[in-house]
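Working notes for the structure below.
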Amino acid sequence: MASSLYSFLLALSIVYIFVAPTHSTSRTALNHRHEAKVTGFQIMLEHVDSGKNLTKFQLLERAIERGSRRLQRLEAMLNGPSGVETSVYAGDGEYLMNLSIGTPAQPFSAIMDTGSDLIWTQCQPCTQCFNQSTPIFNPQGSSSFSTLPCSSQLCQALSSPTCSNNFCQYTYGYGDGSETQGSMGTETLTFGSVSIPNITFGCGENNQGFGQGNGAGLVGMGRGPLSLPSQLDVTKFSYCMTPIGSSTPSNLLLGSLANSVTAGSPNTTLIQSSQIPTFYYITLNGLSVGSTRLPIDPSAFALNSNNGTGGIIIDSGTTLTYFVNNAYQSVRQEFISQINLPVVNGSSSGFDLCFQTPSDPSNLQIPTFVMHFDGGDLELPSENYFISPSNGLICLAMGSSSQGMSIFGNIQQQNMLVVYDTGNSVVSFASAQCGAS
């Protein structure tokens, strides 16, 4: 049902936009520079390794390595000392967004990141820039570029803004030594045939620790005022991620197009942390393997409102799903008990738990895996939690986090319609053939 509805919507409208008079809300107050309100459009997403001549094993190995690096960044955000000058953000990711910037429009690609807010790309003049496949953006060559004054509310929305000649300056660190520094400005961003003026973004002139062929910047999709959804004043977006190795692009729908998608049950309540308000925390009550409800106290997944520890976030950029250690060990042991196949070392491919598959594949029985959310039970398809990096091997696409926070990763979300509705504080899920025409 959801798959056919999703395909119908994509066939109906590749790109849709409607403009209406802005209305006065606290969010649109931050968007006072916009003359019209964008209510809906689509963006195509490509996997960062799409089109590369890589084997399935190499694709998984690279994705897990990126995911592990991202996990370290996320954990650094939780453990960063208060009052530091440079804030730490998630960065990195698995899906690229193709867009253009400036007038005339100059194409570039950027990571879609639900774990951070800032939109940024590399800019000239560059003190330190990494290689990118498209020319580095030169704001002096764009008739629609403006610098952002220090008095701007979106400048003040930065956690550690600085000021130089009344120009707003930013520094974003990513926990592993990667960092982008530069000036804040406003510019026209173009998605397909849709051009949106006066988007606030970071013009990165000193960018260290990036440059692995993964785009020329980042588009923050988090919950803060600097993110793309917040600047567009949309409270809904959805994506449908195609599997790793697929040549078919994924789709991101914002605003009214996402409003048109009814994902239905199951769903989960969104929670916002006062310590890290960017993240999309969800409400998970328990896990089941096969018919066994695991003896995991719901507090293992609860966000501590006092100090911001714990909880589980849904994230587009982390490859595997990570549970706090006691929950993960319970999942791990139950799969070992129920699958009853030889356990083999999968560390060379980045997995903690792998099994040797029987010579006759029909003898392989994979237990079901269910996530018990407060708004219903999500039973994942087996290919979303067991994957085969090579012949004769299947591996659990999960791991253990060390800092008390769990992460619902993107392998578990593949071929699934995921709808974020911040207006109603809910995330919904529905099975779908992502990328189907």
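Cβ from N, Cα, C; glycine included.
When you check Swiss-Prot, the disulphide partner of CYS395 from the set CYS240, CYS354 turns out to be CYS354. Here the disulfide-bonded residues are CYS126, CYS129, and the one with the most other Cβ atoms within 10 Å of its Cβ is CYS129. Of all the glycosylation sites given, namely ASN98, ASN131, ASN267, the one with the smallest number of surrounding CB atoms inside 10 A is ASN131.
Non-local neighbourhood of CYS203 (disulfide bond): TRP120, THR121, CYS123, PHE137, PRO139, GLY182, SER183, MET184, GLY185, each in the same chain, at least six residues away, with C-beta under 8 Å from its C-beta. Of CYS129, ASN307, ASP315, all annotated as recorded positions, the residue with the shortest Cα distance to CYS155 (disulfide bond) is CYS129.
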